[in-house]
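First comes the structure, then the notes that go with it.
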Amino acid sequence: MAEPVNWQSGKNGGEILTEKISSFQLSILVANFLFTGVIISLPQVLAESSNQVSWLSPLVVLGVISGFLWLVVGKTKQLQRLSKTFLLGKPTKLERVFLVCFGILFITAAIRDLRALIDFVATVLLPTTPIDVMSILAGFIVIYMAAAGLEVIARVTVIQFITLAAVIIALPFMLMNGMELGNFQPIMDVDLLPGLAKSSFLLLSWAGEAIFILILIQNLDDVAGAKKATVRGIVVAMCLFALVVAVEVAVLGVDIVSVSSYPSLQMIQQINLTDFLDRLDLVIVTIWIPCFIAKIALDVYLVNRCLTSGKKQPNNIIIIPLGIALAHLSVLLFRNNTEHIEFSFYTWAVWGLALELLIGIIFIIRRKIS
Amino acid sequence: MRRTSLLLLALILSSTLLTACWDRVEVNDLAYVLATGFDKEEDGTYRVSVQVPLPSSLGGAGSSGGGGGTGEDGPYFVDSGSGRNIRESNDDLQARMSRKLYFAHRRVVIVGEKMAKEGMGEILNTILIQPQSRLSSFIIMSKGEALEVLNLKNRLEQLPGEAIREMAKTSLEMRAHEVLQDIKRPGKEGVIPVIEKSDKQVKGESGQEIKMQSFAILLGDKVNFITNEKESPAVLWLHNRMRGKSITFPYSEEGEITLRIIQDKVTKDFRMVNGKPAFTVKIKATSTLMENEPYISLDDPKIYKKVIKKMEEEITNQVEELLNHAHAEGSDIAGFGWYLYRNHNPTWDEKWKDDWSAHLKDLEVKVEIEGEIQRMTNTGMKVKE
């Protein structure tokens with residue numbers, strides 16, 4: 001087992017652990033991480049699989065992932081003990097395997113998310129700008145934010161996410177005149193259960209990304225509150241997502257949601273309070289994009305933590321080439337947005353889930369050893 | 001030295017962010033399309049027409065604008081292009097325009113009669129696929145060609161597209177996403193308003209203007225039939241859109257009574273009769289007295305009840321006429337099948353899903369009206385003749 005190292009007074013690499021975030025900030029980081037990625041295109045495949053009950057899948061997944069993370073994080077005293085030794089100093093073999101799996105998971109997530117941002121901006125906002133240019137610009141923004149550190153990411157996320165959450169909660173009121181509750185029927189139908197199971201499975205790996213908190217245990221002010229904070233974040237994210245999907249089904253109907261690449265955008269285009277408050281879609285996109293960039297910045301930060309864990313050199317030394325590489329890969333690895341969507345919907349469901357389960361199991365073993 | 005190099009590198013990298021955006025477009029390089037018309041030609045090709053405002057002509061008297069011509073015919077112009085599909089027609093049109101067509105502000109989509117009868121699926125799909133298009137655009141059918149309707153002037157609005165939009169709002173507000181939903185829904189058919197040319201009613205003035213009175217009843221994505229004068233109000237009754245509209249009916253030989261509807265509500269009650277579905281459509285209508293031509297005294301309860309009865313008969317006749325016509329043609333305009341799909345889904349799947357149009361012809365529908373006159377400001381005064 002690695003000896004606890006007093007990194008507070010250490011040179012160079014010691015600054016990682018002087019960054020502290022509160023339980024509230026952790027909840028918001030988790031909520032933002034889970035919510036901002038799923039609302040882009042995922043409602044399409046959920047509606048395709050489970051039709052009018054697709055809004056129930058986030059609530060099903062909420063229970064499963066909360067339970068899984070509760071199990072993985074374990075008892076509070078054990079976690080507090082582990083926080084003094086886990087990934088501190090030279091990593092053990094088990095910790096190395098943990099870091100490799102963690103790194104692969106979040107490298108793939110970062111590439112997927114960067115491409116999602118680029119495709120959205122290219123389709124909706126800037127259709128003639130080459131995606132390579134967009135990937136460079138997106139890469140720079142993300143590097144700048146990730147290099148600033150965890151505290152900066154947390155602060156930006158708190159400010160932006162609370163605004164986004166307020167807008168999402170206001171959506172049913174803004175779209176009340178366009179909602180048709182008949183679109184939810186028939187609701188109690190046993191035939192819908194297999195579809196609901198399928199859509200819940202597709203969503204599991206996205207919600208399971210909350211496992212990122214395991215690498216941030218040493219950065220928490222209140223380690224004892226980590227479990228509750230994580231579950232709070234998952235609850236907020238999945239409830240907001242359920243609300244978004246429900247409003248989409250109510251306003252647009254299952255048939256339109258299941259064929260739209262960006263059903264959430266289609267939905268907010270229907271906001272028509274009066275002739276004056278007619279085109280709020282760009283306003284809402286402007287609120288969402290900083291949240292999504294904060295999520296991708298956290299992705300890159302986590303990968304950087306993996307790669308520099310246990311090393312004594314400055315932790316930001318590789319963040320620039322890492323960010324540039326990820327931005328480039330996001331364009332190179334997917335030929336077009338259809339390939340990216342296929343990866344996001346179907347490949348990620350298995351790939352992400354497998355890695356998350358593996359990471360969880362390794363952490364449990366590491367916890368037991370300590 | 002290292003610091004200087006880093007600073008230089010930062011400056012060079014920053015300069016990449018200062019380059020002009022690829023997507024930067026000047027406002028006066030765009031042709032804002034307000035309304036689009038879709039027609040089908042004899043040879044099967046599509047004709048897409050657009051109505052574009054001329055900014056320089058939109059100001060009041062004495063204003064002068066830069067750029068663009070002042071159209072002799074008004075502050076807008078209409079042009080059209082043809083092609084094998086809608087996109088190709090747009091490209092044909094674009095080839096003759098100095099500005100890039102911009103569809104994000106299009107609020108009205110007019111489908112020509114021939115095209116509407118052959119199917120509107122492709123038009124709705126185009127609206128769904130194109131990122132610039134909005135699903136909140138109104139869908140309207142024109143009697144005759146859409147291109148001719150786009151060229152009609154309106155006296156109250158500078159732009160006919162704007163006039164059509166306002167008329168659609170006060171009629172049945174059918175937007176693209178609502179029409180798409182109705183087409184896809186099992187057991188329900190869509191309805192869209194119809195605009196047509198109408199001769200001016202002013203003596204000494206010739207010409208035509210826009211009129212929106214009837215509705216097109218769909219079967220799938222094709223227009224099945226157009227409602228007549230008696231059936232048209234029934235469409236508004238069944239869609240809860242009669243508020244603010246009037247109903248006129250004869251009371252006696254002495255004249256008609258006109259009531260303005262201030263509240264209306266439709267409910268459907270379902271029951272099974274001999275193993276077949278049967279519905280009762282209940283309409284509750286609250287109204288205000290607007291004209292009392294026979295000068296009857298509505299204070300008298302017997303007369304009041306008689307007026308209400310006449311009102312209810314009139315509404316019942318309108319609704320029954322529409323339902324009988326629609327059901328005979330196979331269009332479930334009131335959504336009875338949709339009700340069964342939602343509330344009795346297993347039975348719907350088992351018995352009615354595959355041939356609902358056939359069941360519709362024999363469907364028992366009872367119409368019950370509950371009328372009320374809530375306000376009578378003045379009952380009127382009989383002037384000696």
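Keep in mind that glycine also has a Cβ here, set from the backbone N, Cα and C atoms.
Here TrEMBL flags A:26-47 (among others) as transmembrane segment.
Here TrEMBL flags A:53-73 (among others) as transmembrane segment.
What TrEMBL lists as transmembrane segment is A:94-111 (among others).
Same-chain neighbours of the transmembrane segment (A:131-150): 15, 19, 21, 114, 117-119, 121-122, 156, 216, 219, 293-294, 296-298, 300-301, 304, 316, 319-320, 323-324, 326-328, 330-331, counting only residues six or more beyond its ends whose CB sits under 8 Å from a CB of the stretch. What TrEMBL lists as transmembrane segment is A:131-150 (among others).
The transmembrane segment annotation in TrEMBL covers A:157-176 (among others).
Annotation comment: TrEMBL describes A:196-217 (among others) as transmembrane segment.
For the transmembrane segment (A:229-262), same-chain residues at least 6 beyond its ends with a Cβ under 8 Å from one of its own Cβ atoms are 23-24, 26-35, 38-41, 43-44, 46-48, 51-52, 54-59, 61-62, 65-66, 69-70, 73, 120, 123-124, 165, 168-169, 171-172, 175, 178-181, 183-184, 207, 210, 213, 220, 270, 337, 341. Positions annotated as transmembrane segment by TrEMBL: A:229-262 (among others).
Using a Cβ-Cβ cut-off under 8 Å and counting only residues 6 or more beyond its ends in the same chain, the transmembrane segment (A:282-303) has close neighbours at 29, 32-33, 35-37, 39, 102-103, 106-107, 109-110, 113-114, 117, 124-125, 138, 141-143, 145-146, 149-150, 153, 156-157, 160-161, 163-164, 167, 212, 215, 265, 268, 319, 322-323, 326. Marked as transmembrane segment by TrEMBL: A:282-303 (among others).
TrEMBL lists A:315-334 (among others) with the feature transmembrane segment.
Per TrEMBL, transmembrane segment is recorded for A:346-365 (among others).
The highest tally of CB pairs under 8 A with the transmembrane segment (A:196-217), across A:53-73, A:94-111, A:315-334, is held by A:53-73. Residues 43, 46-47, 79, 184, 187, 192, 195-196, 199-200, 202-204, 207-208, 210-211, 213-214, 226-227, 230-231, 234-235, 238-239, 241-243, 245-246, 249, 254, 257, 360, 363-364 of the same chain sit 6 or more residues outside the transmembrane segment (A:53-73) yet have a Cβ under 8 Å from a Cβ within it. For the transmembrane segment (A:346-365), the partner stretch with the most Cβ pairs below 8 Å, chosen from A:26-47, A:94-111, A:157-176, is A:94-111. Long-range Cβ contacts of the transmembrane segment (A:94-111) within its own chain (Cβ-Cβ under 8 Å, at least 6 residues beyond either end) map to 2, 86-87, 209, 211-212, 214-215, 296, 299-300, 302-303, 306-307, 309, 326, 329-330, 333, 348, 351-352, 355-356, 358-359, 362-363, 365-366, 369.
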